[in-house]
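Worksheet: one structure, shown below.
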């Protein structure tokens, strides 16, 4: 196993520098190599969701590719879909460095990146230049508002991103749950969320009828606020719920020297909380829209827990950082074994299984 040795070397370097090195390498993977190296798909894991076909449930969460568009390299790792972003209308540098920290004892990351990206125009140019063959699966684009945009004007930022980027996206995600943009999470409140999502859904429907628009929620909402957000999102026409973003909680890492740093926590400490949020969202949605489970997907067991809790798809980022290039292949192989163990013919049969077997009581 070469990855543990390489990881120990890379973890001696600044986390953001390693991120850029990884992106540089992935950007240079030829399409032919990506196709050849991509793990073989497993028929039982195929998913059809929101009118799109996924050759497996495991996608790359937003935050890794912020518009550099290293799609062949990322798909070559085995991801069934890649979510680019978060992208804002105008370029912005994000928060001051250092802003990304590893907590290796806990298999976690803590970040306060702040939507650093080169803006929607740069992202659109790169996606437009990409050959169609480079899309080895669905591509999502996660959009947000610029830091300097007040919340009362936030809708204009989201609409601008949808307008510019929708031709290149198989689906779009409205990100209102990052803890690293001041005031952003206030957009999850009932009236603000309703106004924003209705405007976004209408705008996209006028330009690309049938193209899915999802909303990404925080794991730190109260049970009542989460139920309300799911209801509002569905009533506004959202095609799905992405649950969840990073957490402000430090449960499980309280004694770590980095615990006092500002930012959102991801990785293994988030796994149970995020799965509980998936479970509650699934119960509240009652089959009306799919749930995409994100947060603490570090292995097949974690992915399977979210699927049984109600996630049709799952996404990972921190799991890739700790698991290395073979991460997705291991998760998919493990999922296939777990499905067989529990008597499921397909992954879709396992979605929400805990609810049907009496284990789906909503958290809270």
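Including glycine, each Cβ sits where the backbone N, Cα and C put it.
Features reported for this protein in Swiss-Prot:
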- 62, 63, 64, 65, 66, 86, 142, 175, 216, 244, 267, 296, 317, 318: FMN binding site (BINDING)
- 66, 111, 112, 113, 114, 115, 175, 180, 245, 246: substrate binding site (BINDING)
- 178: active site, nucleophile (ACT_SITE)
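Known features from Swiss-Prot, placed on the structure.
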residue	record	DSSP class
62	FMN binding site	coil
112	substrate binding site	coil
142	FMN binding site	strand
175	substrate binding site	strand
216	FMN binding site	strand
245	substrate binding site	coil
267	FMN binding site	strand
Legend entry - Sparsest-packed of the listed recorded positions (142, 175, 178) - C-beta count within 10 angstroms: 178
Legend entry - Integer Å distance between the CA atoms belonging to residue 112 (substrate binding site) and residue 62 (FMN binding site): 14
Inset, instruction - Compare all C-alpha positions of 62, 63, 64, 65, 66, 86, 142, 175, 216, 244, 267, 296, 317, 318, the record's FMN binders, and send over the largest distance in angstrom. - result: 20
Legend entry - Which of 114, 267, the listed binding-site residues, has fewest other Cβ atoms within 10 Å: 114
Legend entry - In sequence order, the recorded positions (142, 178, 317) whose C-alpha falls within 10 A of residue 112 (substrate binding site): 178
Legend entry - Cα within 10 Å of residue 175 (substrate binding site) - qualifying binding-site residues among 64, 66, 216, 317: 216
Inset, instruction - Give the residue from the binding-site residues 66, 112, 216 that has the most other Cβ atoms within 10 Å of its Cβ, counting over every protein chain displayed. - result: 216
Legend entry - Rounded distance in angstrom between the Cα atoms of the residue listed as 'active site, nucleophile' and residue 142 (FMN binding site): 12
Legend entry - Rounded Cα-Cα span from residue 64 (FMN binding site) to residue 114 (substrate binding site), Å: 13
Inset, instruction - Using the recorded substrate site (66, 111, 112, 113, 114, 115, 175, 180, 245, 246) as reference, state which further residues of the same chain have their Cβ within 8 Å of the centre of those residues' Cβ atoms, listed in sequence order. - result: 63, 86, 94, 178, 179, 181, 263, 264
Legend entry - For substrate: widest Cα to Cα gap among 66, 111, 112, 113, 114, 115, 175, 180, 245, 246 in Å: 16
Inset, instruction - Show which residues of the chain containing residue 245 (substrate binding site), separated from it by at least 6 in sequence, have their CB under 8 Å from its CB. - result: 175, 177, 178, 179, 216, 217, 218, 219, 264, 294, 295
Legend entry - In three-state DSSP terms, the structure that residue 317 (FMN binding site) belongs to: coil
